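Chemist: Pulled these from Swiss-Prot:
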{"type": "DNA_BIND", "residues": "275-308", "note": "DNA-binding region"}
Amino acid sequence: MALTASVKDELSRLDIKKSSVRKAEVSAMLRFAGGLHIISGRIVIEAEVDLASTARRLRAAIAEVYGHQSEIIVVSGGGLRRGSRYVVRVVRDGEALARQTGLLDGRGRPVRGLPSAVVNGSAADAEAVWRGAFLAHGSLTEPGRSSSLEVTCPGPESALALVGAARRLGIQAKAREVRGVDRVVIRDGDTIATLLTRMGAHDALMVWEERRMRKEVRATANRLANFDDANLRRSAQAAVAAGARVDRALEILGDDVPDHLKYAGELRVAHKQASLDELGRLADPPMTKDAIAGRIRRLLAMADKRALDLGIPGTEANVTPEMMDE
């Protein structure tokens, strides 16, 4: 099951007893998933959601908390839409429910944000607002660099109300307008985890955290692999450059090279891409890395001094830009 669907499925099965909390959730669901329509002179409330379990939860809450009946209409997917959608419709007593849930104010005017009783409610009410908004129009992407939890909002007022509810929970969320659509977005992984916990999606959080950890381990492994590859490449480049310098050193010094330095230099030339450790093991008798490095260093210093005395190019002259290319 996709992450968004698993979160919604879990939230739709969450058992809430407190009346004020259930009211806050219903108000948010109707605000973020619904709308008011005038049909034959009567106010009808419709809320469209993407899971049958969410529709059943809303229908049950409307009946148990407010005492109004509703119906669920299944809208089959077609065109760009995949999967069925579920519309919870309240025809009879639609106006009464709209007033009770804060979709209409005392004068019968539409409320654009959330009702003040919900906005100024408890922390549990703020959690319920987020739960209802997420069930209505929320999404959660896979953890990673572009992970996000977001809710599509019916307008800027409801987006700001949702940001305010997050703030009451100590959570930072941002309201944004993207291509004319208002959204509230959370991108920080730890903050997403906190909100999932506060909403009550504990099982989904475990799945999300496991995937998050797996992504982080994989990213770390890739970084280390790239680091190792880069180090190996640089080591090989340094070895090739050293081989070219030794070639020039032997040319400059000719027969005036002490045998032990000449032997080390010839090893370097013969095995241009070998590491100093490998050169030491190839020597007969074997030498330590420091011993072979010391001999090559003295050979190069001797050759560069001779080149300076003679006024000719030193050992660096043999190192070309191509040898140092990444």
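Positions of Cβ are set from backbone N, Cα and C atoms, glycine also.
What you are looking at is a predicted structure, and each value in this text was computed from that prediction instead of being measured.
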Chemist: Which sequence positions outside the DNA-binding region (275-308), separated from its termini by at least 6 residues, show Cβ-Cβ distances below 8 Å to it?
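Modeler: For the DNA-binding region (275-308), the nonlocal Cβ contacts are 235, 239, 242, 245-246, 248-250, 252-253, 256-257, 260-265, 267-268, 314-316.
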Chemist: Across the DNA-binding region (275-308), what does the mean pLDDT come to, as a whole number?
Modeler: 88
